[in-house]
Amino acid sequence: MSLFKIRMPETVAEGTRLALRAFSLVVAVDEHGGIGDGRSIPWNVPEDMKFFRDLTTKLRGKNVKPSPAKRNAVVMGRKTWDSIPPKFRPLPGRLNVVLSSTLTTQHLLDGLPDEEKRNLHADSIVAVNGGLEQALRLLASPNYTPSIETVYCIGGGSVYAEALRPPCVHLLQAIYRTTIRASESSCSVFFRVPESGTEAAAGIEWQRETISEELTSANGNETKYYFEKLIPRNREEEQYLSLVDRIIREGNVKHDRTGVGTLSIFGAQMRFSLRNNRLPLLTTKRVFWRGVCEELLWFLRGETYAKKLSDKGVHIWDDNGSRAFLDSRGLTEYEEMDLGPVYGFQWRHFGAAYTHHDANYDGQGVDQIKAIVETLKTNPDDRRMLFTAWNPSALPRMALPPCHLLAQFYVSNGELSCMLYQRSCDMGLGVPFNIASYALLTILIAKATGLRPGELVHTLGDAHVYSNHVEPCNEQLKRVPRAFPYLVFRREREFLEDYEEGDMEVIDYAPYPPISMKMAV
């Protein structure tokens, strides 16, 4: 019933509206950083052209072909557009965004060779009256975020220069640089990545993720070249990796209820910014975002029946909701997949007597989430805005006692921050999930109260790595963390509990492949 739901404010969309779209940059330089003379490229390396085409065209999904429904965008200056031979305009399979203070989209279409091509590519060319910032603002709008997977800045010199300055540089997720060993340099336009610690670096430290061996072109001149990828240092994900590394090196050997055994330390903390739509979804291993989102929304509705998750393909509770596991806990009267008064029930009905998952608990117990939302609206400086899932009297009735059990909210300068306390922290499987889950919770509570998301502070009690996770965690530690993605909302709802996973989308998430780790039960 709506009487017991949390109504969203009329300004619900304002606090989480994306301002600028994240992007990557593709450039070819000589050994001195030269990119050309402002009119043409002073070398011919077909392998680099193929790399450029493949990178800017290919989508992340397996065997997914570009279409107007999903494709990448390439942003270029007017001179770069003019340097493309007319028969190759627009660059196929991509949205071509051309920066020009004089030309309109129609002017660019009129410049195509024939009417058939103009009709064919009417939705593949966009002119922007302004610079890169204006293009990124356009591509962050709801008209483009659903259909554009990755934005690439492809030059020329002035556009590259803007890419390396604030505000654009803070959205720059990767630099793909090809270095050409040219016989002589005739360049008058240059691209150089600012050195860390200088004013020009704008607080960003660039790290090399990959570099190829030196290659030889088949262009007839045996030109030498190599590829490299630079990414901004992600100090927030490094907190997580450093903690995992410390636990593996220094952790205490502990025995646990699963019989697997752990390496463990006691007491740690990590901090993650949620500002400007950034979502701390770890990149060194793909995090199951759909599972994160479905479970968190399930919590917010006060649900306890895990079959509702498994029916949506989210099987994270299947083992702990199995008949055998429930019976081992003495919960023989529960229907299979009924987890008892776990997380969401305590969030929304703390203290109510639990019978079974499909009973009506409206108005029963303390609705901690609703109370926090009301307090945030009326007294945001209150120091009692916290909720707990740890109810000692109800623990025997739960399939599992809560691991993440306490959260407190804090408001400063119109921003909402959350501190999570987690008693038991499975660093390999659980913690990446928990970080994303409480980030989403904070974002949704901020939306419900007209605030902007601020920071997630994650405090860990028993932080451990299971013995069978040490090897896969060591594999993960070899990876250089990439930039975090962003969260955008496709649809707003009248009530907080009515949000669905499809109402939101994670964009610009380019993690490394998954690493298999078996859950300890």
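Positions of Cβ are set from backbone N, Cα and C atoms, glycine also.
When Thr178, Thr179, Thr198 are compared with the substrate site residues Val26, Asp48, Ile154, Tyr160 in Swiss-Prot, the one appearing in that site is Thr178. Ranked by Cβ neighbours within 10 A across all protein chains shown, the binding-site residues Arg39, Lys79, His464 are led by His464. Gly36 (NADP(+) binding site) and Tyr160 (substrate binding site) are 13 Å apart (CA-CA, integer value). You'll find the Cα of Tyr466 (dUMP binding site) roughly 15 Å from the Cα of Cys403 (active site).
Of the listed binding-site residues, namely Ser158, Thr178, Gln422, the sparsest Cβ surroundings within 10 Å are found at Ser158. Its Cβ placed at the centre, Val26 (substrate binding site) has 20 other Cβ atoms within 10 Å.
The distance from the Cα of Gly36 (NADP(+) binding site) to the Cα of Ile154 (substrate binding site) comes to 13 Å.
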